[in-house]
Structure formats: C-alpha cells, structure tokens
Amino acid sequence: MPLFKLTGQGKQIDDAMRSFAEKVFASEVKDEGGRHEISPFDVDEICPISLHEMQAHIFHMENLSMDGRRKRRFQGRKTVNLSIPQSETSSTKLSHIEEFISSSPTYESVPDFQRVQITGDYASGVTVEDFEVVCKGLYRALCIREKYMQKSFQRFPKTPSKYLRNIDGEALVGNESFYPVFTPPPKKGEDPFRTEDLPANLGYHLKMKAGVIYIYPDEAAANRDEPKPYPYPNLDDFLDDMNFLLALIAQGPVKTYAHRRLKFLSSKFQVHQMLNEMDELKELKNNPHRDFYNCRKVDTHIHAAACMNQKHLLRFIKKSYHIDADRVVYSTKEKSLTLKELFAKLNMHPYDLTVDSLDVHAGRQTFQRFDKFNDKYNPVGASELRDLYLKTDNYINGEYFATIIKEVGADLVEAKYQHAEPRLSIYGRSPDEWNKLSSWFVCNRIYCPNMTWMIQVPRIYDVFRSKNFLPHFGKMLENIFLPVFEATINPQAHPDLSVFLKHITGFDSVDDESKHSGHMFSSKSPKPEEWTMENNPSYTYYAYYMYANITVLNSLRKERGMNTFLFRPHCGEAGALTHLMTAFMIADNISHGLNLKKSPVLQYLFFLAQIPIAMSPLSNNSLFLEYAKNPFLDFLQKGLMISLSTDDPMQFHFTKEPLMEEYAIAAQVFKLSTCDMCEVARNSVLQCGISHEEKAKFLGNNYLEEGPVGNDIRRTNVAQIRMAYRYETWCYELNLIAEGLKATE
C-alpha cells in the first residue's frame, strides 16, 4: 500500500487503493474466511492485536536504517505535556503550530485541579514510519469531514479546524457563514403559523439529474444545461474519499495507534475522576439554583409515532371512545365505520383493554427481531387502530394523532426543562406526501415551544418497487426533495409547506441496518434513474444522495434567508462499519453508534471530530444489545460527544417522563455522577436543532466557544474542571497528529 497522500499533494486514489477498499468491503459484507480487515471484535482486551507480533514488528522496524535527522527530531519530541503550554508572552521563537498551542486560553474561571503529565508518549507503540502514516491518514480524514460539513452548512468544531489550518501553515478565519440556520422561536404574541411574510417567487427552474436536483435561472438555461453555481457534490470525489477511509480503517498501524489512544483516554479519565471528583462536586454544590433536574436536556432521537408511553395511548383510546363512539372515523371499501363499529369489527371493547392486551411494549421476543418490533406499532395487533391513532393521513385527517402529540408537548412544557425532536415520516412514494403532512401540521396547529421536528425517510424502496409504486430510485428521491425545492423557490404558492419547513431542523434515514444489500457503492453503480431493479440500494447509496440534495437545498435556503437542514441518520445500530464511515463523512450527527466499538479507527475519528451521538440504551436492550454491554459509559469516559435519547417511549418506557427514566436508569446502572449527567444533558442541547437564541439562553452566550470558556456553569451545571479536562485532552490528541506531521517536514 502506498503512503497516504496529503490533501495538497493531489487527491486521486490509484487503482491499488480502490482494489484494497473493495477487498475490505467484500471481506466484511460477505463474511470471507480468515482474518477480517475490519475487526469484528470490541475495542477492549479481546481486540486481536497480538502483543508478541506487535513487539517483534516494532523491534524489527526500529533496527532498520532511517534518516538520522528525522529520528533526532522525533526523539526530541518524546515528551509531550498534557497541560496547556506557555503563554503568548514567551520570548521563545515558536513554529506556527506551537504558536497556536501556546496561545490557548488560560481559563481564569477554572479552579485549580490535578492534571496528569505523560512523558515519552510520542508514537503510542508504533514505529516512527508507521506514526507518520497514521498522522497523515488521520489528518486527511479530518480534512475530508471538514470539507463535507462546510459545503452543506453543517457543523465542524473550531478546535480541530485550528489545528488543521496550522498544519497547512494558514491562519484560521472565523466564518460563521458555514453555520446552520434554525428558525428562532416566535416572539410573544406572534403566530408560529403566519404566512404574511413569505418571500416572493424566484422563478427558478428545477430538474433532477443523476439523482440530484439542479437549479436553473430559467427554462432556457435548463435546456442549455447551465445551472446556477451552487455546490453540487462530485460523485467521483466522494467515492475517492470513501475508498481512502475504507483503506484507512483497515490499516494495521492505524488500528494499533487508535486502539492504544482510546485505551489511554479511558484510563486517563478514570485517573482524572479519582483525583478531581470531589473538586467537581464542590463546584456543583457551590452553584446556586441549578441541579440536574433544572438544567436543559433534549430527547435528540424520538419517533413521533411512538412518542407517548403505552399508558398514555391506552388512556387516550378509552377517552376517544367515551367522547366519539358514534363518530365516523374509519372507511373501508365496503362502508364507513363509527368508532363503536370499528371496535365491534375487531371483537373488542376499549374498556376491557389493558397495557398488556394493548401489546405495544417491546419484550424478550423482539431481541434481534426487528420485524417483530415493527409489529409493536399496531395496538392490539390491529393495523386499523394504528391507522386511526398513529397516522397523519386517514379518514379524520390525523386528528387523534395530533391530539396525542399535543398532550405529549403539554407534558414537556409542564416539565419545563425537557425538550424533544420527534421524527415524522416522508416515504417518497408519491409527490403529494409533503402537502398532506404540512396541511396536517398547520391545520391542527401542532406547535410546542419544547419541540422541534425532523423528517425521517425509511429506506424501503424495495417494498415500493416490488409493488410497482415507483419506476426507479430516482423517482423516490424526486418525490422526497422536489416539493421542498419548489416551496423554497416559491413559498407563496405553497404556504402550508413553507410554514412547516420553518419548524423542520433536519433529515433522518431510518430502517433495519442489519439488512445487507450486498452492493458496494462505486463508480460502476447505476445512477438513481437507472436503478430499476427491486433490490434495495446500499446504506451509503441512500446517504450520499440524501446528503447531495440537502447540500444544494441548504445553499438555496441560505441564500433566501431561510432555515437550513442537518443530515442526522440512524447509524451504527447494526450492520456494516461502512455505515459509520459514511456518517463520518457527511452526517452532522448520528443516532445509536453502537458499532463504533468494533472499529478503533472510526471511534477515534468520532472523538477527534467530536461528532454527536444520540444513544438509546433502553431501546438497544430490547433489540440489539443487552444494557450492561452498552458502550455508553465507555464512550463517555473516552470523551466522545454523546447524549441520551428515548427512541420509542411507547415500546421501551413506563413513566410519564421517558427521558428522565432514561437518565435515571443509566445513572443507576453505570453509576454516573451529577456532573456526568449534566455533561450528557449539555451535549444534548448542543447536538439538537433548537435555535441559536434558545441555546444561548440554555447554555450561556458563549456556548459556541469550545472548552471551559464556552461553559456557563450557572446554566449547565457542568463543572469547569470537567470542561477544562475535556478540552485539554482533546487538544492533546490533536497536537500529537500535528507534531507527527511537523516531524516529517
């Protein structure tokens, strides 16, 4: 394998790299015999890195001849201090990287605490040559993510950007134009559904080409194929970057280095807790009017169709029967049925129902059975009741579902400090789905100050194609995105949809990840309009075309002064590691992320880029992974940016406050401290799609700054000692990469 290439040295990946990437993909998906290129084992003591083999390899490589000047340079850097280096007033001549490190903040608001200093930790058990390869690979991987995030107006943290620019020898230019835009909350007395201020029609022409919506000034420009200069993603560049990352996560030295750094991060946090736990607690005790109960926390991953608990649903069914027994609520091909007649048809009476007979709760029977889990969305096993109570498009125009959601929202408002981001479904089966959903939203006036909304797109093209609902995959993409583009260009012609889009913060991609498509996304893959087969495209195929259209859409909406959207897919709950690799490239944040424990390289990259992960241990416990084996605590200790979420309260929770139930169980099982829980709660607010104004209110005016400078303990109840530890540890790991690259100059 050739050495990894830096971005400035050309990005063309040769045939050997592509061939290697295909071999890695095949070995994982087809379960080839022998040793897998991507380790299927947890990153723990059982990680198959042979100690004797590694020691022998290092001993052999160290004895090989190497450039003396480079060796002396590395030897001179064998001591790396954990603490923030000297201040800007130092008279010592510094390199551009050292100048940045030394100008880090001095934390006037952080109490003194005990730090750990590591000496001789320059290459984490890999040879000098391997260390260079590792640093180049990690550097380019971070550059890849930064590129895709900025192009699509998604989030990439400032700190790694500073290190990347200093490695390039450039100054970081603070540019807030790359930030996503969320709709601010309505002012007092202002109608959140107002349509008076909708922008005028731009008159642009739209055309889908190769699965991506292209925007033209007019029809004549469309005929000449002269689109407006928006950042249309380049498929060849994406595939080259994807192949590079596939090769990177399978490289032995990179896996060894990442595995050792992750073990170091875990051990280091445990030492930090042992030394500073009481000092952190002292900070929190001295913080007036703030504790875990009254710091803001957001349910960053919850599905609207299951946002209520089972008792709430049962109570609503009985209440609706008491009030509307003689109301016509359901229609069949033969006749229309009243609510009383519908229950008679199902041979049941609402007053005889219990939470057990409702049978919507996931149990032992759903473990590793996603098909059985989906059946739990049908109360009493009856699809008629699901259509009536949990759907937006039915005979009564989704009135019951809207009422249930309003009641859940009222509970959140009553709790005051809890927020949620429910997902509503767009399937892509027909182009009028958006109009129906937005009409339901606006007509029922579904607004709650403690809720923001997301759109989930189920990956079920194969189902629609087998029933001949769609001619090809491109039509599904067109049904999903074209109405949104049209409403953005001409809001006044689509008032309901334009208002609805103001309340949407992102797109999610959902389905059972354990279903393998066996297809590797490559330059030979059919274009979406050519994908006429009944097989489902791969996860990466779905993700790329969703990202590509969101990127163009965000550029258009940003130009119009409208809110933009994030790409926040379900990822890593099951299935191949290529899902997580794709998310690292193009997703703002993900839900689940369990499979990160199987890839030390991806896990380390998620740490370096601080990619938010919404974890749902109770959901995983019923479907894929026992609670005690959940990597939540391991990820938290290492410093990954994780939050807690409920996923489906109807299936997994029992109480009126499912998010608090999730925190309470995690705190008991994992023995979390108050500071731990408040840190997770703060992460959830940073991860979510609520507006800048609300985040500034909940977290402090400086929340966009990283480290203790951006933490207001009076609002977050997170100790400044913890924030300083997290920031210094993060900078330490980024600095190792910078030092490794500097030594190769």
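Note: Cβ is positioned from N, Cα and C throughout, glycine not excepted.
Values in this document were obtained by computation on a predicted structure and should not be read as measured data.
For the Zn(2+) site, Swiss-Prot gives His301, His303, Asp647; the one candidate out of His205, His419, His570 that the record lists there too is His570. Surrounding the centroid of the Cβ atoms of His301, His303, His570, Asp647, where the record places Zn(2+), the chain contributes additional residues within 8 Å, namely Ile302, Arg423, Asp508, Val510, Ser591, His592, Ala614, Ser616, Ser619, Ser645, Asp648.
When the C-alpha distances from Asp648 (substrate binding site) to the recorded positions Tyr214, His301, His303, His570 are tabulated, the minimum falls on His303. The DSSP secondary structure for Ser439 (phosphoserine) is helix.
For Ser439 (phosphoserine), the nearest neighbour among the recorded positions His303, His592, Met650, judged by Cα separation, is His303. When the CA atoms are compared, the recorded positions lying within 10 A of His592 (active site, proton acceptor) are His301, His570, out of the candidates Tyr214, His301, His303, His570, Met650.
Summary for the recorded positions His301, His303, His570, His592: the Cβ-based neighbour count within 10 Å is maximal at His301.
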